[in-house]
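Per TrEMBL, the features are as follows:
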TRANSMEM  57-81  transmembrane segment
TRANSMEM  102-123  transmembrane segment
TRANSMEM  143-164  transmembrane segment
TRANSMEM  185-205  transmembrane segment
TRANSMEM  324-349  transmembrane segment
TRANSMEM  369-391  transmembrane segment
TRANSMEM  397-414  transmembrane segment
TRANSMEM  421-440  transmembrane segment
TRANSMEM  446-467  transmembrane segment
TRANSMEM  487-506  transmembrane segment
TRANSMEM  512-534  transmembrane segment
Amino acid sequence: MYSNFLSLVTVKASPAHSTMALIEDEPEDMDPWDMPELKDTGVPWSALDTKGKVLRVFVSVGKIVLLLGFLYMFICSLDILSSAFQLVGGKTAGDIFQDNSVLSNPLAGLVIGVLVTLLVQSSSTSSSIVVSMVSSGLLTVQVAVPIIMGTNIGTSVTNTLVATTQAGDRSTFRRAFAGATVHDFFNWLSVLVLLPLEVATGYLYEVTKLIIDSFKIESGEAPALLNVITDPLTESIIQLDQSVISGIATGDPEARNKSLILKWCQTFTNTTLMNVTVPGPENCTSPTLCWVDGNYTFTLKNISETYNVQKCTHLFVNVNLPDLAVGLILLTLSLLVLCSCLVLIVKLLNSMLKGQVAAVIKKILNTDFPFPFGWVTGYIAILVGAAMTFIVQSSSVFTSAITPLVGIGVISIERAYPLSLGSNIGTTTTAILAAMASPGDTLANALQIALVHFLFNITGIVLWYPIPFTRIPIRLAKGLGSITAKYRWFAAVYIICCFFVIPLFVFSLSLAGWQVLVGVGVPILVLLIIILIINMLQKRKPSCLPAALRSWDFLPLWAHSLAPWDKVVGVITAKCCCCCKCCQAASDDQEHGVQESAEKNKKAHTAVYDNPAMSADKEVEDEIKIELKILKMTRL
């Protein structure tokens, strides 16, 4: 574990092979984080004639229309991607939430929040499941707090995956991956601080309960906003019945046999008071509405019957395929559209943001206010991020949209950080408004959970933003960006480890009980802390350490550098490519051989027609071959 940790956090093989490269800056003579100049290679506007100016205006307008179209398709593909993940893993997510004994463990609750959000690719969906369970009494607010923290982490994987699509250019990939993972590091660091604090003091629960008790809050409705534009397209492709996942989580036996694909979009429920038989008088709805006739006991009871009125019109309404098959189809198509739109958006932005246009946009986005109000700029960026996320109603959509802008150098990482923090706040305000649409009897608990999410992000911002020294996520993201720029395969390692391996490892330890969790987790945690302390001392005060610990040179190179692992990955990749090329060459040779044999046969047939003697010999040979084949078949 010690050697693996060192290999994961080493940036490059230097003489000291120090793992502090994650938080140290690049050499002063060459800073890879400088914003690139987007040079204008076209003809200046002043040099164009009237026809050229009109043509350029039309081209620019066309590019803007295409950009908006691709952005629209990008947002819709994210929505379809969320639906696809729910079809593939939605019922599994409901089953995970149903195990209340596991959820009572804070670490297990945190990991379940991460994994369920990864399965459904929507923190709104996983949060709504938690709210429904709290409202129904299956979960208490205290137990649900760690799960809400986990949903905050799980939703940040989307923009990290989007950043990997820009791996073609090393510098662009460095900036894009750093701009995406700054969101990840903020969420992880906030959880590392606030989860122990919540377990020890109940900080989030007590503060939100005080807010709920202090104000008389009336119910309302969550606004639709961007969904008004995207729903016509997404709902024509697929519509899901969200009550199925919530029903499985709340223990409804009928929900397990239902399909997540919505068949009937309009239904009518009729409730009538009817005479029904019950086992005994104690089961009657009221003593005055109960009578016995021989061996039968009757009572009056409200019976609800649901009638299907109008069928949905989406593409999969009449498809007789299981949810998993439909989910995989949508997953493949949505990922294809997502990646295609992202590549086209980046190319359009690169063609549009040149010269004076790029200079103006970069100046607006990255320039601070004059002294002494420079510190206000970041907080305005937080408000902008919150407002934009509130409009699009998805932090994943907003952060995924600014990731390519960071990659091409329009937005700096220092500006992307407060925008990402604002997106965290924006997505919680939408949840608060949605919670306020809950019925009166469940409003308090639903709103308290939404406020827990809001207070969690506000507290995280207070911890990791106001003081420049505390903006550790930026330095960690830059360090990770430098790693992935040099070793691009490490991006996949990071995503798999941080969002799958580590959560599953912690979850498995949680299932084994507190004793196993403490016995295994505490030594690992202590070892990691010791390694970090040694790294800091190596960087700042190496004289305080013994001579052997002033560098990691006493360990094998593979234990504290990614260079040997890069060679292994290179060899494996080369072999895979070689195998593919060999298979392609073999198929080409086979096709070439077939073509040659066909040409020879053609020539032979031509010669046969020219010479009757050869024709007779050819017929004899063919007969002999047929007889041999028959003999072989009879032997088999």
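Quick reminder: no glycine exception, Cβ is built from N, Cα and C everywhere.
Counting C-beta pairs under 8 angstroms (sequence separation of 6 or more), the transmembrane segment (397-414) fails to reach the transmembrane segment (512-534), with fewer than 3 such pairs.
Counting Cβ pairs closer than 8 Å and at least 6 residues apart in sequence, the transmembrane segment (446-467) and the transmembrane segment (57-81) reach fewer than three and form no contact. Only residues 6 or more beyond the boundaries of the transmembrane segment (487-506), in the same chain, are considered here, and those with a CB under 8 A from a CB of the stretch are 8, 107-108, 110-111, 114-115, 118, 153-154, 157, 160-161, 163-164, 167, 173, 177, 181, 184, 188, 480, 517, 521, 562, 565-566, 569.
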